[in-house]
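Step one of this worksheet: look at the structure below.
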């Protein structure tokens with residue numbers, strides 16, 4: 001999408017703020033014993049209360065199966081697109097959980113994803129004292145890690161994927177091409193020896209959930225479409241601790257790693273301005 005009016009820009013900013021708030025709320029609910037279906041119910045209630053629309057519900061999958069949920073909750077070796085409404089399996093301590101959500105606000109779409117780790121209140125608070133300042137610090141950390149990772153690899157996976165998002169956003173500037181974004185993301189993947197899927201990536205967003213251009217999480221600067229002012233993009237690195245090869249589940253939506261390796265996924269919707277990328281999915 002290319003933003004053409006000031007009104008469209010304000011709609012996107014407000015939609016992004018609302019979506020960021022929803023995702024934060026859902027991430028704060030991710031604890032052992034909670035189910036994806038419970039998160040779906042909360043997500044639907046929040047969007048309905050705001051008078052907005054679920055972006056993903058009814059969207060066509062790879063096998064033309066309408067997506068049955070408003071929220072994607074992908075756990076451990078499932079990297080994307082697992083419908084939250086279909087799962088009563090409670091999170092276990094140490095699970096890696098990706099919250100991927102989109103809404104339609106006043107006719108325009110935004111898309112946002114954050115990965116956290118499910119942990120009990122006792123275990124997630126071990127490393128922090130219970131002073132008010134530490135509690136505030138813990139709350140700020142929630143978008144990165146909600147609990148205590150099972151191992152250093154999990155922590156490296158989440159922080160590295162978030163770093164890839166940061167670098168991809170920095171590369172999204174006027175004068176560059178879409179290939180510069182993929183190159184920046186791929187550089188981080190290689191730095192940490194992560195695998196990444198070749199068939200999934202970011203995209204344009206705005207008047208539809210998925211628009212051109214497709215944004216690979218690999219590439220070369222100078223290749224692909226030029227990045228121009230007022231373009232709206234969803235940049236979304238997806239990383240694995242294994243090869244990056246994926247298989248599509250029987251549900252026609254969920255992708256999981258072929259080798260069973262754990263995964264992480266972060267995403268922001270951004271607006272390209274003359275001064276760089278403005279993150280829209282933030283409070």
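Yeah, the Cβs are placed from backbone N, Cα and C, and that goes for glycine too.
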Problem set entry | Recorded divalent metal cation 1 site member, picked from 100, 259, that accompanies 111, 267 in TrEMBL | 100
Problem set entry | Matching residue for the divalent metal cation 2 site, where TrEMBL names 111, 236, 267 - out of 81, 180, 203 | 203
Exercise. Listed binding-site residues are 81, 100, 210; which of them have CA atoms within 10 A of the CA of residue 203 (divalent metal cation 2 binding site)?
Worked result: 210
Seminar exercise, completed: For residue 81 (substrate binding site), the three-state DSSP class is coil
For this session: Compute the C-alpha separation of residue 81 (substrate binding site) from residue 100 (divalent metal cation 1 binding site), stating it in Å without decimals.
Result: 8
